[in-house]
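Encoded as structure tokens, the structure appears first; notes follow it.
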Amino acid sequence: MHIMEGFLPAGWCLVWWLIALPFLVMGIIQLRRMMKEDREYLPLLGVCGAFIFILSALKLPSVTGSCSHPTGTGLSTICFGYCVTAVVGAIVLLFQALLLAHGGLSTMGANMVSMAIGGPIAGYAVYKLMKDTSINIYVTVFLASAVADIVTYIITSFELALAYPAQVGGFLASFSAFFSIFAITQIPLSIMEGVVLALVFKYIIQLKPEIILKLHVFSEEQIAKARLAGDAEVA
């Protein structure tokens, strides 16, 4: 979904940067508070950043002035929330723009709003709604990750349609065209990403459940049930 350098008009680049900045500020404040409380969170933050960087660098071509790929934001969103994810995602997008020519500096605001902010907010909402229910935590993780992924591309389609409305049908026609093209690759990718993140959480819960408990991601009872189910599968 990385919109390439120079593809958006300057006015829209400025708009998306202005929308992104408050989330970055809030995320930085939260990060500083977290680091003062416990610097042991740093390794997991690094893992979250690497997860986003690697998955979002796996590009599939798309004919929308962009590309399709997993976003990888689900892990950070569930563990740290969407504001911290905005900062982690912004750092990833900056490195990708400078080192991989993936996205751009002028369009970084738009890319942040879609991948580092909008998608994570949607994924976090799904996680919070399902967290305290009886639904299996791996299903919760799967859906939160998949929704964060697909909403990222809905927002990217929205951004592109605002910048380039169709001559016939205007914004809605343009939005439908952009997202229908993205959906061909992105719906399967979002499902795959959800499965991958569920497996990652299964690994963490089996080996280092105290990380999940310390961050209050899931309750001790939920983790115990998940570990018991995992042990039963092995047996």
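Please read every residue number as a count from 1 along the shown chain.
Glycine is no exception: its Cβ is also placed from the backbone N, Cα and C atoms.
Per Swiss-Prot, transmembrane segment is recorded for 9-29, 41-61, 80-100, 107-127, 135-155, 160-180, 181-201, and the stated evidence type is sequence analysis.
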*Test the contact criterion for the transmembrane segment (107-127) and the transmembrane segment (160-180): 3 or more CB pairs under 8 Å, pairs 6 or more apart in sequence, then answer yes or no.*
no
*Where among 41-61, 80-100, 135-155, 181-201 do we find the most Cβ pairs under 8 Å to the transmembrane segment (9-29)?*
80-100
*asked:* Suppose I define contact as three or more CB-CB distances under 8 A, residues 6 or more apart in sequence; do the transmembrane segment (41-61) and the transmembrane segment (181-201) meet it?
replied: yes
